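Chemist: Let me give you the structure first, and then I'll get to my questions.
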Amino acid sequence: MWKRWLALALVTIALVHGEEEQRSKSKICANVFCGAGRECAVTEKGEPTCLCIEQCKPHKRPVCGSNGKTYLNHCELHRDACLTGSKIQVDYDGHCKEKKSVSPSASPVVCYQANRDELRRRIIQWLEAEIIPDGWFSKGSNYSEILDKYFKSFDNGDSHLDSSEFLKFVEQNETAVNITAYPNQENNKLLRGLCVDALIELSDENADWKLSFQEFLKCLNPSFNPPEKKCALEDETYADGAETEVDCNRCVCSCGHWVCTAMTCDGKNQKGVQTHTEEEMTRYAQELQKHQGTAEKTKKVNTKEI
């Protein structure tokens, strides 16, 4: 019996002590404002301090935070902001709507230097297989003569091969030039055209995007070692294959040039739609190429000085 009275006495003392603590806390924290997500607490020294709210009331009034997360109510949002030390605001009332965002992981189709060099190697291998040595009573065909034959076959009469003519020449041997860097056949066909442009750029002395026979000969000369080009951006140089992101787009360093996707942030491919985002992307691409041009000029000057 006495144990029951003792337990009751202890409970009464605890309640009285709790009420006194609560009155003391209310008195100490009376003029303290802690802000959203925080509450006033009393330290061991009896001084007020602001701490993250320990537990919010369970009333249900969902809100969507600026971080895209749904909270049960305003209190839970501000409490989370306090606990994580981040700035979270109420975006709108209700559950957050699912956002269809475009991941910048979608990269543009590009011809890397490895793709370009592999295509070039296959073309040379195919042409070398057509070499016919001179016989006792017959004249064969050397490498230059074979190139001359193909050059004349695909030249439209202006003594130059442009990219479309070069591509037709390349497609003469479908097996040899069938580069499959992408699972999509359409992308692989696009890749081939891009690599043809990269090959033309290798020996296009006057930058007219056409090859004379001498330029064509240099491009496919087995002893010619294609140079490795890097991309420049903000006083830094990046190796082939390097990537950078801008908004919802990804830019890739390809054969010395930055190549960017052209996507709006709602996930739609831009095809002639003049939007503010597209203009920004155009300026960004121009800026990348400007840095690239400056870097190449600097490189030439340094080479001359050496």
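Using the three backbone atoms N, Cα and C, a Cβ is placed for every residue, glycine included.
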Chemist: Which cysteine out of CYS29, CYS34, CYS40, CYS96 is the one Swiss-Prot pairs with CYS64 in a disulfide?
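Modeler: That would be CYS96, the partner Swiss-Prot lists for CYS64.
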Chemist: In Swiss-Prot, CYS52 sits in a disulfide bond; tell me which of CYS29, CYS75, CYS82 is on the other end.
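Modeler: According to Swiss-Prot, the disulfide partner of CYS52 among CYS29, CYS75, CYS82 is CYS82.
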Chemist: If you look at what Swiss-Prot says, which of CYS50, CYS56 makes a disulfide link with CYS34?
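Modeler: Swiss-Prot annotates a disulfide bond between CYS34 and CYS50.
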Chemist: CA-CA, which of the recorded positions CYS50, CYS52, CYS56, CYS96, SER163 lies nearest CYS29 (disulfide bond)?
Modeler: CYS50
Chemist: Using a 10 Å cut-off between Cα atoms, which of these recorded positions sit near CYS52 (disulfide bond): CYS34, CYS40, CYS64, ASN142, SER163, ASN178?
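Modeler: Near CYS52 (disulfide bond) by Cα: CYS34, CYS40.
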Chemist: Per DSSP, what is the residue tally for the domain 'EF-hand 2' (191-226) in helix, strand and coil?
Modeler: 20 helix, 1 strand, 15 coil
Chemist: At the level of the C-alpha atoms, what whole-angstrom distance separates CYS64 (disulfide bond) and CYS75 (disulfide bond)?
Modeler: 12
Chemist: What are the DSSP helix/strand/coil residue counts across the domain 'EF-hand 1' (142-176)?
Modeler: 20 helix, 1 strand, 14 coil
Chemist: Once near-sequence residues are set aside, which residues in the chain of CYS50 (disulfide bond), 6 or more away, have Cβ atoms under 8 Å from its Cβ?
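Modeler: Correct list: VAL32, CYS34, GLY35, ARG38, GLU39, CYS40, ALA41.
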